[in-house]
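Only one structure is covered here, and it is reproduced in the block below.
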Ligand SMILES: Cc1cc2nc3c(=O)[nH]c(=O)nc-3n(C[C@H](O)[C@H](O)[C@H](O)COP(=O)(O)OP(=O)(O)OC[C@H]3O[C@@H](n4cnc5c(N)ncnc54)[C@H](O)[C@@H]3O)c2cc1C
């Protein structure tokens, strides 16, 4: 605890990876933390079964030059990565318009320049946390591999490599031999690949396992987790939240942190805040690995990202997680069997003997996405409200860094990275 900073009562709304990491860092900084969570346990919503990548090297906004044209193509493909279900919700249109406006070269570079330092810082904070706590989450530190099936993808990969070089992110462009060296289980496929981009400092791990372990650690350190409760109201007086209303009781705290993932927008609306966080739906399957003793030769060692389908395949200890896709379809969480079939098709194409796909467990989750891909971290015009939300495609990658930055901001300390463009103010 910084002796300059008085201990405060802090309520965190949401026990996903972002809320739990916030709880851990704030409790460790000497505050009295209470986490309020709708579900009966931590990491039951979007942090439940994501693709498992901790990938600063792959940190980039989805809004990129060329994406509007590619999107038209993807929408027509059976196994394309994108679906849009237009609705009468004005926010859907507004959000898509803002996202399209971010598809320029300048906006892409500006947004990437905000995302990469946070993601790299986050990976380094995770390393530190691992060293300090010994937390186990089926983590691996073997990098990630983005594979290209077409020359045009490799050209884009080269352009990305140039950007990474400028930002000082370690990376390797690989030919077929390099691909097989990095991921021997791709040997049977190498002839069909034209190259790959490897990010050796990226990591992998099970986000749900991590979040639940870290919640226990925070609890042991004194944080209170109240599961099965819904935050229903946040009354404001004189520019300050006066209480957190649950069913039948009102809690009080010095500071409130909104880390409610896709529900952050609705909770923000209670306070008159317009948080541009849209639920972009994704899917995953989790496949038990074949018990042949030869998993190393038939399953990936780490994450393989298939650029054609935008699908990531990540190795956990005895499981393969296959995740991806983007559906702009509101808050609907019905599992579409066609999307599951695409995930199985890619898993079978790349790692046909890794596991029994009939045993795959399907899942869908809603990414809390901002139009510029960057999370919203920092203060608001409501004096005791802090935001840590909108992590979109990279919440697992950015959680530790975001929580650390938030803790510094709440303590009045200067964060170790530039946070001036991470706040809600960038949306005016
Ligand atoms: C298919 C898929 C693949 C992905 N792959 C990756 C990846 O490989 N790497 C990566 O970095 N990221 C990945 N992501 C993104 C990552 O999973 C998310 O960014 C992250 O989980 C968001 O965490 P969160 O804590 O903000 O939200 P959540 O995990 O959704 O947590 C928010 C919590 O707030 C609670 N809550 C909401 N409203 C209330 C209320 N009123 N009262 C009480 N509780 C409330 C919810 O119940 C929920 O538990 C992926 C996402 C998807 C969908």
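Glycine residues also receive a Cβ, built from the backbone N, Cα and C atoms like all the rest.
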Which residue range, 6-26, 27-47, is the one TrEMBL calls transmembrane segment?
6-26
Binding-site residues listed as 10, 18, least Cβ neighbours within 10 Å:
10
Would you mind listing the long-range same-chain contacts of the transmembrane segment (6-26), meaning Cβ under 8 Å and 6+ residues beyond its ends?
32-37, 39, 41-43, 45-47, 207, 210-211, 214-215, 217-218, 221, 223, 225, 227, 231, 244, 251-261, 263-264, 267, 388-389, 391, 395-396, 399-400, 402-404, 406-407, 410
Which residues does residue 16 (FAD binding site) neighbour through Cβ under 8 Å, counting only same-chain ones at least six apart?
42, 43, 45, 46, 47, 211, 259, 261, 395
How many other Cβ atoms sit within 10 Å of the Cβ of residue 24 (FAD binding site)?
28
Once near-sequence residues are set aside, which residues in the chain of residue 22 (FAD binding site), 6 or more away, have Cβ atoms under 8 Å from its Cβ?
12, 257, 259, 388, 402, 403, 406, 407
Would you mind listing, in sequence order, the residues at least six apart from residue 14 (FAD binding site) in the same chain with a Cβ closer than 8 Å to its Cβ?
35, 36, 37, 258, 259, 260, 261, 263, 264
In the chain carrying residue 20 (FAD binding site), residues 6 or more apart in sequence that have Cβ under 8 angstroms from it:
35, 42, 43, 211, 214, 215, 218
